[in-house]
Amino acid sequence: MAAAQEADGAGSAVVAAGGGSSGQVTSNGSIGRDTPAETQPQNPPPQPAPNAWQVIKGVLFRIFIIWAISSWFRRGPSPQDQSGPGGAPRVASRNLFPKDTLMNLHVYISEHEHFTDFNATSALFWEQHDLVYGDWTSGENSDGCYEHFAELDIPQSVQQNGSIYIHVYFTKSGFHPDPRQKALYRRLATVHMSRMINKYKRRRFQKTKNLLTGETEADPEMIKRAEDYGPVEVISHWHPNITINIVDDHTPWVKGSVPPPLDQYVKFDAVSGDYYPIIYFNDYWNLQKDYYPINESLASLPLRVSFCPLSLWRWQLYAAQSTKSPWNFLGDELYEQSDEEQDSVKVALLETSPYLLALTIIVSIVHSVFEFLAFKNDIQFWNSRQSLEGLSVRSVFFGVFQSFVVLLYILDNETNFVVQVSVFIGVLIDLWKITKVMDVRLDREHRVAGIFPCPTFKDKSTYIESSTKVYDDMAFRYLSWILFPLLGCYAVYSLLYLEHKGWYSWVLSMLYGFLLTFGFITMTPQLFINYKLKSVAHLPWRMLTYKALNTFIDDLFAFVIKMPVMYRIGCLRDDVVFFIYLYQRWIYRVDPTRVNEFGMSGEDVSAAASRAQASTAAGALTPAPSTAVSGEDASTVPKATSGACTASQPQEAPPKPAEDKKKD
């Protein structure tokens, strides 16, 4: 059971990057454009299902980040931050835009990061006058929000993977953002923020083909781009929605004391010391699946810009969510995968009932506890196991084979570093189990490549002398009648209908796909041994119980979060196997009155243990008699030697007196 779960768990960690959407409705109501046919990537090779538990762990990690930032924000400024240069105390600042200030909004679109061409009418995308700072009741929906939609005519540089920026200016009513208009421009009456609105994403191309015919279903244009740019191409992508939030905040911030990541949004004026209104570009609800690539076939791009006020606590949540993970030093691939995991979280938040979502978070905490307890009890069970009676040794070796195939598969598919490390640790644990089920020695007379000692494996005596070995061999012989034909059929199917990078990749993907589909069959030998022995007392029931509970929790996650059908079937089949274990535990229950080969029953052993414990307690409460011993008599008393074995050794008799010798 553990082996199949490890295969499913590792397989679910390898997730392919999501593609573009076709006619999809985004979370804020806009409809995404269809991706042009020539930009569609090739059909990726079948990838394992995403792991629901990894998604939930991401939610918990983000909740912790939000809590940490909120606690940091509520904390008072530290004393050392209260003094500025020269030891002068720092004074709490104020917002340069008081509440209910009349504002004008100017939105410009440009290819340049630094915008100066205010006279270009083509650059002005949206202009909204007489907005009220802190107004939550105006707008079409009486929520303080406004929006503007238009088609952007994009230049050739943007079509050829260039960047495009949005420049947002808020000015007090009666002023203009152009510094060259001296009469209408005021520095303290203008707040500006810009951002690149296209997003660069990696598109990976794996050159695959049918190994028998040499043909491929990949787009010829994609093959040509892969030859020109390599297997990984960075392509500009577009999403048609972006929201401009102005934070309704008048906190007396102190310069130098704003906690991260909030400090990157609070901008202070160098002269007055006050801070500008906080502008936040909110694209949190823009799902990755709604992005589509920008290429030369697109002459225009749709853009819907929304303006909404934002409360302080919601801004803190968004700022914490947009903060990059500290694990980004492991590679950009991990960051891209975290974006896809965030998409799963967002979909769950949008489509799941709040009560069910709260229950899922609570159960996920229980899942983490069970996961740790299952790991701890598994290690303790194998570490303290002295007899292999009733345990399938071959299943342990098959588990090592499964873990090794999974490791080679994720290395061949260039999965991120964290997944590789986790699978490698699992392989080491499985290899350690071999030393507990077999006698492993190093033969230094025979060396591998003349350098490394050759390991030798020998069955333990407790395994050879028991009937378990016979039943284990019999179970795997019956199992081979099923596995090998299925393996042959799957290999032929994979060779005829699937594309691969080469023969090595075909072997790995064929073995991995076979184990992922039929790996649960390897749990049946232990069921067969239990049936033959008519006993389940030899199984690590604590570990199995924790893993079964985790499987039931995975069932809940699989139906709360969108998962492939094969993943849900995998959870169901593990449940079925565990119910068979429970049925065997019920029919092969332990009989305390049964007499073993030594003529003892479980009741006799328990009664003897109780009597021994009672006599020990009584002896501890009864004081030993004390007698006075003279010096001469004391010399004749034998001295007790230390050690536990002296009580069982016979003592020599004292020498006989002379009168007794004469009588003899």
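Quick reminder: no glycine exception, Cβ is built from N, Cα and C everywhere.
Membrane topology as recorded by Swiss-Prot puts His237 and Ala537 on two different faces. When the ranges 417-437, 543-563 are checked against Swiss-Prot, the one recorded as transmembrane segment is 417-437. Comparing Asn241 (N-linked glycosylation site) with Asn413 (N-linked glycosylation site), their Cα atoms are 33 Å apart once rounded.
Local packing around the Cβ, expressed as the count of other Cβ atoms within 10 angstroms, is greatest for Asn241 among the glycosylation sites Asn119, Asn241, Asn295, Asn413. Secondary structure by DSSP for the topological domain 'Extracellular' (499-502): 0 helix, 1 strand, 3 coil. Mean model confidence of the topological domain 'Cytoplasmic' (524-664) amounts to 59 (pLDDT, 0 to 100 scale). Long-range Cβ contacts of Asn161 (N-linked glycosylation site) within its own chain (separation 6+, distance under 8 Å): Val234, Ile235, Ser236, Ile294. When the alpha carbons of Asn295 (N-linked glycosylation site) and Asn413 (N-linked glycosylation site) are compared, the span between them is 28 angstrom.
Asn413 (N-linked glycosylation site) and Asn119 (N-linked glycosylation site) are 52 Å apart (CA-CA, integer value).
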